[in-house]
Every structure is written in structure tokens, then in C-alpha cells.
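Let me begin by presenting the structure, written as C-alpha cells, before commenting on it.
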Amino acid sequence: HQQFFLLLGHMLTVHEVHFLLLSQVTGSLDDCACDVETIDAFNNERLFPKLQKLLESDYFRFYKVNLNKPCPFWTDNGLCGQNNCAVIPCPPVSIFLTLYSAEANNQECEKAETLGAVDSSLSKETRQALLEWNKHDDEAERFCVIDDEESPDSQYVDLLLNPERFTGYKGPEAWQIWNSIYEENCFKPYTVKRPLNPMASYSGQCVEKRAFFRLVSGLHSSINIHLSARYLLDDNWFQKKWGHNVSEFQQRFDAQLTNGEGPKRLRNLYFLYLIELRALAKVLPLLQRPSFQLYTGQPTQDRQHKRVLLELLQVAKSFPLHFDETSLFAGNKEEAANLKEDFRLTFRNISRIMDCVGCFKCRLWGKLQTQGLGTALKILFSERQIEALPKSSSARLTFQLSRQEIVSLLNAFGRISTSIRELENFRSLLSKVR
């Protein structure tokens, strides 16, 4: 190994060589006829740049969410996520006002609270525009009512002001969230005994339960990639420095440090990418209808952004190796229907767990990404309704999506797309280690 990398101009340790050789995820993926290399090239070169530009537009940057819902499964103790202050309650953080520093004895607790707070500041003009958006959306019949939209506690959050990154939220409280997801609310593999090893072999499961588990695992992996890519590297009195933490990435995905589980986690990320990519391709007939608008009250920009959106969806549709959703819930109709309902209820339960996340910023992105994935699944399971969409713009639609579902769908996929792109960055950083 040492002689090989010397030829490339690198002086790597045995452990670093081991990571480079074993954590590289290559080849075909399970449960689909696609390979990692095709996804990397498609995402990083064709889709990622267009998607990032679209997500900066007003329609997609504002997300309405209720961050004040109580946890429905256990009493929220409000403890700080840092290990050394897990038993010291953190004071509540107002998401409507600027942050205040509590007179706490533990600086780590204050640090986690500040990094995990949500900046919900919006200008007067923006708030008025958002009211107009709601008035426009309420004029159309919705396919479903989303509680967070109608709740008086809901508020719009500017996602560009609240990027998903390291917040210091960890320890027993954070583990309780993932423990609950993997142990109680997920079609986990029979060989999984603890969520500390959530990517173990899932042999023996039907394809639907296996797919569900891989989606949750892929989402978990994506979140960990973002925390590693936007890590707080330096925090002093005049600025915070965010960047890639290679060591943190290795702790989560190195094949040796994770007993071979790291590559499985990354492969599940690619599987999640394929599911959400397929949903974008399938929803094109709905969003390309003349009656559909990306309404923000700015006609010229709205038309421009819809054109960008449709171009993006056409790119998604052009992917050569889409996931075949017809492989799910096939066979006996009654058994398939029951399994689909279990699938839906289980995912719904997971989405409710997001209200138990103690860190507001983590809760924000957790709710958005689970809603986005839920919307993707809704699209994939509604193929007949989408195919039956009437040609007349005045006829009642057989399938609809609310503004929140569309915003969450694109932003959730934006997180997954960014994770795929960040893997290339981490590979590059690891190759330069001397």
C-alpha cells in the first residue's frame, strides 16, 4: 500500500489507505439496476448546479413550519445536547426574537443552543408577500391539509438563513431520537439489535420493508454528511469558521472504524437519491400544467422560476437508470394494500418523532426532510392519479400537492443531492492527506 501511494505522491498511513480503499462506494446498488458512478456523474455535473440555483428563489427558500409542537411520545426534558451538560436544562430559545445568552454555568450548553437556534427574522415586506401567497394558495382546492400550515403556531422560516450544519446537538437526547426511529418505528432488519449498528444485513426481508429501512438509513447518512461538511472548525469572538471535518466524516463512514458499516450507509444514501429522483420525474405532468404557478406575487420571476423548475424536472426524467417503483407492493393485492398502509403509518410515525428533537434547527431540517421524503413516497404511490390528470385546466385534479409539499420535496432532494456532491469533496480531501 505504501509503495503504491508513494507513486502517486502521497504519504498515507496504513489506516488512511484502508479508508480510501474500502470506503469508496462503487458499482451497482442493491434493489435497483443502477451504479454509483452513473449517479455521481449525473448529479454533480447535470443536476446539482440547476437545483441549487432554484432553491435560492423566494418560492423555495421560505418554509412554513411549527417548531413548537410538543413531543407526542415522551416528556421533552429540554436538556442540552452536549454530553457534559445533559442534565442541565437549557433555557428556551425564542425563534421570533434575537437570541439571548442564558446565565448558565456551562458554556458548552450555551454554544449548542446558539448553533441550534433558528433565525426566523423576516422583513415587513417579506411577511406581507407571504400572506399574499397564502391567500393565493387557499383559493385552490388542496389534496390534503397539512397541520403545520394551518396551526397558529406555524411560521415561515428562511432556509438560506438557517443552513443545515453542525449544531452540537448530541448525547443521550439525540440518541433517543434515532433509537426510537430504528427500534420502534422502522422496518429494521431482523439482525439489527441496536440502532448503534443500524445498517446491518437486511437479508430475509421483503423488498418493501428493505426499501423502507434503506430510506431511513440514507436520510440518517445524509444528515451526518452535512454535519461533517459544515462543521464548526473555529469559534472565536469575532467570527465562526465552518468547513469540512475529515475526522468526523471518517468516524461515521470509515469502513474500519464502523466495522464495515460505513460503505453500507453511503449506499443507502444513493438508494434514497434514486427514490426521490424518481418522484421528481413522476410529478412532472402535474407541475408542467399551465394552471400551476410558483406564486410569489412577482409574475416575471414566477414564470422564470417555473421554467427553471421544469428544466430541472426534465433533467431528472432523463436519468437513464430510474428506480422501478412497480417492484414495490406487487403480488397479492390484499397483502400489498396492508403492507402499503403499514408503510404509510410507520413513516408517519417517524415524521412525528421530529417534534421530539430538542434542537430547533435540527427539528426544522428534520421536519422538512421527512415531509419531503413523505411527499416523494406520496407521488410514487399515486401513479394512477397522476396519469389520470385531466387535460382541461378547469377540471378538478385527481392529484394535487400543496405549496408546503412542493417546497419540502425540492429542498429535501436538495439535501440529498448536496450530500452526493459532498462525497466527492471528501474523497478529494482524503486523497490529499499526507
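Glycine residues also receive a Cβ, built from the backbone N, Cα and C atoms like all the rest.
Annotations in TrEMBL come from automatic prediction, not curation.
For Cys362, the partner cysteine in a disulfide bond according to TrEMBL, taken from Cys356, Cys359, is Cys359. Separation of the C-alpha atoms of Arg165 (FAD binding site) and Cys362 (disulfide bond): 9 Å, rounded to the nearest whole number. Annotation: Thr167 are the binding-site residues among Thr167, Trp178, Ser217, His220, Arg252 whose CA atoms are within 10 angstroms of the CA of Cys362 (disulfide bond).
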